[in-house]
């Protein structure tokens, strides 16, 4: 091996390492300001700090080396700790060897804290390397056919391996799951043979170790048989870990590429997922090999599954690369998993594994091109980063490499200064250094001996103890004395206890030495504060000089000896006066306009006026705004003796008026004024001259004559009334005796005996340049009786103004292909994803639509396949406006129009196109010049829109006519009223003509991008817009080029744009199949807007050539046209904007030619309309924009103005302000899992002020006074979307303090704090604990989990669509249910006789089920039984902040609470049971309702398309005999801002009542107050001393001799105005109310599908400002995924939002806030669950899909029984929300409380809808 100094490469490496060492910057302040007492402390302050040991040196000894030399310290006396980097082993890379190599192999480096060194690292991967392939296969029963296929494809796999490498080995292992409950059926017969012809269950077995003998491999594989287990997830993680660590048993070779193929179709178990708790397996995996002689895993019964971080670390350590071959059923789980492995592959395995060979080949080539380099075993004090100047990184951090070449990488090694506030040199030795293994994916790597320099200064080891130089009172070391206690001074000659020494330091009249600002040392003051205090007695404070605007010395000077020393050009006591008079120069270049003098940078005018500006010039804009109005009253009283100053007040006017015959013209005077005299309605006029400030001797000229209107018109009123009565009489006679008038009058509701349909308007006038679309929605009305259904056929004809146009169009070639537009209404609801092209839902539906429609239109001769299929919604279409409209285009011959129309109408009448369901009564067929269609009026619908195409073409006339005609009513009894609608489209003068430069371009594929110029000829300078799209010819999209479409917008003055089309390389297959054919495609312009017209050519052809055959003619050329003339001034040149901070932008430019008087700057937020721009005037060519938003993009431009007016604006410039630290995060929320485990979540800061990059969570113990105990632990959450953390192993019954702060590019923001003790929180029902999809922190453990995400409980569900579930065929016969509560959770007490996925999860209020399927514990009978429940404690989420965080009115805490759900379960789980469904619910009567949609497949009375909602309530709310029922009504009446009257009705009871109990407390926690009322006749109570604007929960219950009854609960808030300084004190006499007027109305949820719902709400009654829109937040109620936000614009009475992409059976929390001009208002909150159980273990129960809501609070209770009951919600005495009758017999009811809408769908299929009167709380 060559020595490290002999190689030129090593010299280059050392030179690069020396150059890369970070140089000291301007950090002298840091070294100087550090309060260090020794050399060692100084050296550790910063990497650039040095220490002077010169005894004669008198300055500060700790400084940078350069500063010390400059201050006079000798070079040999300066002590500096130098870092070092030395290569200890370096063997040159030999590319002829067929193995992976690195260089260098050994390195030793020592770094100072904060220092970074870099070096070059080389890695070589050969073209062909040895490969070890180990196949690990799932052997559960569902993989039986996969095993059979693997046995048959031996030759193919061997062939592929030989193609990959000549040196390979192959092995095989199998796994199922742990042989324990509940994973495996433990019955003896099932342990012997779980399936026919199968092996006993096992965990993992190494069947065939890695071998070169392929024949032996296949012979052993033939004898393998399948096995089985119970649950769907498998135990593959155990198998992967054993395969990695058992290197000798598996047979991994040292210098080969290790590939592990993991084949399964199921999800996986992982550490602490809860399954092992049931079997008592609690120990963590020890990460060791545990295989016996037969290769079987032996510790499956004693150790848990490994975690994801463990597998990632161990596979990387042993150079093993995983290849996940999984089926579609489990693809989503492994798609998340494989991203955590630096180098891995994921492929979709077919159901029978027939494609495993192809998948393996593809994965091998993908893996070979990626290389990951990681630093293993790195100590905490060192950070390693690997970069490359030539190689690209992937999203997982690996590099794209080329095999056979040496890759060069830059390794950056940095020593950190501190960790969590502790200096690195104070950490343990193992954290300061160690052996770092820099390891590539396929080789051993580089060993680095790295450490942080924490040595003690040598001079401190050589100190003179009790030195004579220190008067024997101290030690001399490092050039100075370190005095003993009680002595000070440079030579320790001053006694700190001697009073006489302080006398020279006492100022006259003071008793403190050095004025209390310093220390007296040997008769001399040494001032504190590092320069803050000065003077002989430290009497001057340099922070107490005069300030201006808060700045010391106006930031224009420095404070010295108590006075400001100003910078040049400034003067004054606080440096606030400029010496220059530049700010006093007027627009003419003079000083103060000659009417004043300049002092301290300001003009002092000789004569002050309201209309003079800062330079004593006349402000004409101010004159125009107020002058006329100021003079009006005086002119009116002096000239005419009228007005408000008539009489004596007129004598006070400061001027006189003069009546003249004629006034001067407006342009000759300052202002021409005109007003109306209120006394006689006449108009008088007068002029104002001069400077606009008439003085005592001034005269105002007034016109002598007034302009008066003609005589009075009051006599016309009786005449008009008479004429109107006569007209009404004539209309009545016409209707009676004239038949022709009946049709017209029939359109009026008052005159119609039947019902009619007709268009609302008869004429529309449109301007083409203002049109935003090529269609028009024309309303059609139905009058009279709205019962029944009517359909109307219509047609529209284009260009009716041209005689014979239709005949000419028909005479063209009948075989020519023309596009026909088709629109149909599908039988499914529309979602937002459907309207977004490219989403999976949209693509799936598009494929389904095109397949079915193509099948139908095959009957049309010459028809092509459908294209341009899109989906949308159409409003105003009756009751089906939420359904999906599909628009598509069909190419067919011109002669096929009639056949196409008849075929479409026939299929629409049938309600289907092949297998595609469509809604009858709606279609549109659009031809070249006409269109036909049909619309439908459903029952009760009065208005629908008819969407007609407008046939916008470039060749249209300047004024063209279209005619819309209602043809007939094929279905229904309506007669046609207004049948015709005329549409006139006026084409304005075009603002520009847009076209291509050339009709054809030739480009080379080697250019990768075709750049096609588009030009505009400006006719009228304004905006122009056109659409563009590519079309295939001989070139095909996605094969030769990437298709594009979009819109081009030309701003004023723009004449040139460029289209870019990405070109694709020609594949060999294409060149062989398609030969040498010239490939071309077209780019087409269309749909001009904003007055644009298409010129010629509007279509261009792009010819693709190869690299050596193209004569490229596509020239990128910027065309520009001179701007139109604007006066004598041009546009300012070279505008430049630069951010000057987070809220400032400096904008400057070069002046244009000419003499501008000033500049006008226009700026606005990018994306806003220019009409919302702000304007600034400037006299100089620069301006500073202030009061901006942080991290916001602004656009700006500037123009000059002069005497001729404004010139043209400059080009647009954009600039982004800097980031500012974010505000504190939103409120902290705690989901208490147990007394030692909590889930912490928080909201994003209200003001992010930039891009949030991370959050820091700190938590630590506090005492009873909330003071910290010990250090706080910090957790960095570097994914800003993940605002959730699971903290485990907290101490029992100990309060913790939690803080969360956010970071953006500007730094860390303030903290949000909360203190909570988990033990004091209420217990909640729990299921098996499943680790959510969030970071997990062990409060007592290390940091193993901090950088990895775990998986949620969805991995435990088997695929719903799987036809072969991997479970046993025995489902058991019953179960045992035991409630599991809080910290009493002990899963070892629980046993199941069913698989976990078949066990229903019941809430605490639902009782438990026995083996027979009936409800136990208080159940009486089958149909009318009741279940006894308990009253839960207040939810813990109201204590989310750990302090009394009172809720404002309308917040989530004031209106919403969580309640238990009503659950319906089947009576048995066997596949052969009856269809009996038993509904259960809690007996606790609450003021909340749950919403559930239920569908039974066996009933047949309701179609599946109906989304109905069922409100399930207690069937019998009565309890035991003699116990009072719940008080039936709870009514609140506000008596004042702090007092409330609570009333209720006497409950039903079989015994005599003894009294009542009223309890109340703050909704978000606090002291519980209780009032006992012994008088049973008293049903009201007055509560005093409530807090204003705070929500209270009240509970009322009655008592009899048998005990207390159930309670009635209600929540109320008294709103009132409070004192600004004391928010708990209401203002005397202020109004008070019980409403929440600034929150949105109640949230109403409607299920659309199992994964989407529709949310609607009403606008706030009294919003704070004008409503701009709403912000809707959707998040999982229990956490697990980042929150989603939606913006809904507009101010509608009722707003709606469709939310797709939800999960079934998962509770979601929705929050709605109104966004107003004053900001965001309070939230309205609701919790909802879409419940769905389709197939799975309950195939006989059909489909159960609906909504479960923890809904809004309201005074409402209902009982559903077989008879009609009345439900009356009350808000206060005498005001009811209305009465609802709920019919329980065969009806499904959707009910929303408070302000509510009730819809009832009966079993017979008829639908009735009514809207109750809506009330708000008052």
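Backbone N, Cα and C atoms are what each Cβ position is placed from, and that goes for glycine too.
Feature annotation from Swiss-Prot across 619, 982 places N-linked glycosylation site at 619. Swiss-Prot names 140, 142 for binding Mg(2+). Of 41, 55, 224, 234, the residue it gives for the same site is 234.
The annotation in Swiss-Prot ties 229, 231, 233, 234 to Ca(2+) 2, and of the candidates under consideration, 177, 185, 286, 292, the one tied to the same site is 177. Record note: among 1092-1114, 1115-1137, 1138-1160, 1115-1137 is the stretch given as region 'Disordered' by Swiss-Prot.
If you compare 378, 813, 1470, 1622 in Swiss-Prot, the phosphoserine annotation sits on 1470. Range 1402-1433 is the one annotated as region 'Disordered', of 1370-1401, 1402-1433, 1434-1465 (source: Swiss-Prot). For the binding-site residues 140, 142, the greatest number of Cβ atoms within 10 Å around a candidate Cβ is found at 140.
There are 27 other CB atoms within 10 A of the CB of residue 234 (Mg(2+) binding site), with all protein chains counted. Annotation note: residue 140 (Mg(2+) binding site) sits in a coil segment as assigned by DSSP. Broken down with DSSP, the region 'Involved in NRG1- and IGF1-binding' (195-200) shows 0 helix, 0 strand, 6 coil. Break the domain 'I-EGF 2' (494-539) down by DSSP state and the numbers are 10 helix, 12 strand, 24 coil. Per-class residue totals from DSSP over the domain 'Calx-beta' (981-1086), listed helix then strand then coil: 10 helix, 59 strand, 37 coil.
Over the region 'Involved in NRG1- and IGF1-binding' (195-200) the predicted model carries a mean pLDDT of 84.
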